[in-house]
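A quick write-up on the structure given underneath.
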Amino acid sequence: MGSEVAATTRRETEAPATYIGLKTRARTLKLNNGSVSASSQQQGSTEIKKKKKESHKPTVDKKYSQWKTLVPILYDSLSNHSLVWPCLSCRWGPQFEQASSKNQQRLYLTEQTDGNVPNTLVVANCEAVKKQLNREACSPLVKKYKTIIHPGEVNRIRELPQNSKIVATHTDSPDVLIWDTETQPDRHAVVGAPHSRPDLILTGHQDNAEFALAMFPTEPFVLSGGKDKLVILWSIEDQITAAGTDSKSHGSSIKQSGEDSSKTGGRSVGPRGVYHGHEDTVEDVAFCPSSAQEFCSVGDDSCLILWDARTGTCPAMKVEKAHDADLHCVDWNPHDNNLILTGSADNTVRLFDRRNLTSNGVGSPIYKFEGHKASVLSVQWSPDKLSVFGSSAEDGLLNIWDYDRVGKKSARAPKSPAGLFFQHAGHRDNVVDFHWNVLEPWTIASVSGNCESNGGGGSCRYGG
């Protein structure tokens, strides 16, 4: 990844006086007989999270201090953007300006507030610097372009790859919301402000769907999972106009015909397929890059399930015990359709080959990557190299791995976990989401909250 100098932006306003903790994938506390006490569940969950945070903090602070001293030699460029509120998700959007030294590109961020002011989906403008920065070049590289007032917390953002100005969001409701970020009006997030109106509402879940969300690379298909244990597939092809293939179009790419179907406004679209197979909350979903009819999902039942919409709504393959705990994330390799990554509360990332997934129903991974000290929250393959992927976790780290390096000893870091070749320690709390930039090779955006002692709020880093 080269070398870097940090470029820091100031907060637009002061951080909130009370720290707003990031939403975590908190689990129920089971009693010896398998039942759950409501009061003990809440108390136990709070105590466990507090102890985990206290145990991780010295390690996170130490790594962060070490990382700051190494910034100039680790990166080609790095932007450090402080956020007033914690951020739960980030995604790269379309590029809108090209220049010899730097490109201008959209970046989607979220703001998880305390409820006194609205939650928002933020569209920001970013400068992707092509040449190595120097200290005199440090300047704000992230600037808010537009604010969309979101009806509830924005737990997950996913962009439509064919037209990345269109995004889907998950909130604390059963619906998936679709937004045309270019045609949505800019709003002021003040007390009492009404919600922005989504362009489409995807219906079908029977309970809240918070995290599991994916969009197919080449066609307008949307995939979701939720607390109802369901995986749901939609096609929004009929709702996308011809303008949807032209990212420079100023008109909306989403048809606005039809009547509003809910209080939040927007036209509703029903599911193309509803898939049953999980026994607990579905935490993440991913499409097979070569087929919108094939996809996979993971959940709190420790299962990895492969689906084929052409053969029905039952699992095509079910791995009963893919990890030793809840699964939080999954990603399908864009270069090799046989390789699937999973991340879990057991602190590991596992690599599966779908030609050999199980041994008597139990997960049989190609390799188990052990480098995190807390729950893995996100995994994603690199768009630039088949064997490279990233993983982020509650330990405050974003790790970059290369499967091809497993088994090869490193003279510079002989004690590092197998396959680990880069570690980004620029966050002070859970790294809840990150995204490789397909337009700028080896560039990643990542987001987290800030630890309470650091004033709360959130942080966004991007660089390479």
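Note that Cβ sites are derived from N, Cα and C of the backbone, with glycine treated the same way.
Annotated features in TrEMBL:
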type: COMPBIAS; residues: 34-45; note: compositional bias 'Low complexity'
type: COMPBIAS; residues: 244-256; note: compositional bias 'Polar residues'
type: DOMAIN; residues: 63-128; note: domain 'Histone-binding protein RBBP4-like N-terminal'
type: REGION; residues: 31-61; note: region 'Disordered'
type: REGION; residues: 244-273; note: region 'Disordered'
type: REPEAT; residues: 275-317; note: repeat 'WD'
type: REPEAT; residues: 320-353; note: repeat 'WD'
type: REPEAT; residues: 369-402; note: repeat 'WD'
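Helix, strand and coil residue tallies for the domain 'Histone-binding protein RBBP4-like N-terminal' (63-128), in that order: 12 helix, 33 strand, 21 coil [DSSP]. Through the fold, the repeat 'WD' (320-353) approaches residues 25, 27, 211, 217, 280, 283-290, 296-300, 302-304, 361-381, 383, 386, 389, 391, 393, 401, 403 of its own chain, all at least 6 residues removed from its boundaries and within a Cβ separation under 8 Å.
In the predicted structure, the repeat 'WD' (320-353) carries a mean pLDDT of 97.
Here the repeat 'WD' (320-353) has, by DSSP, the following mix of helix, strand and coil residues: 0 helix, 18 strand, 16 coil.
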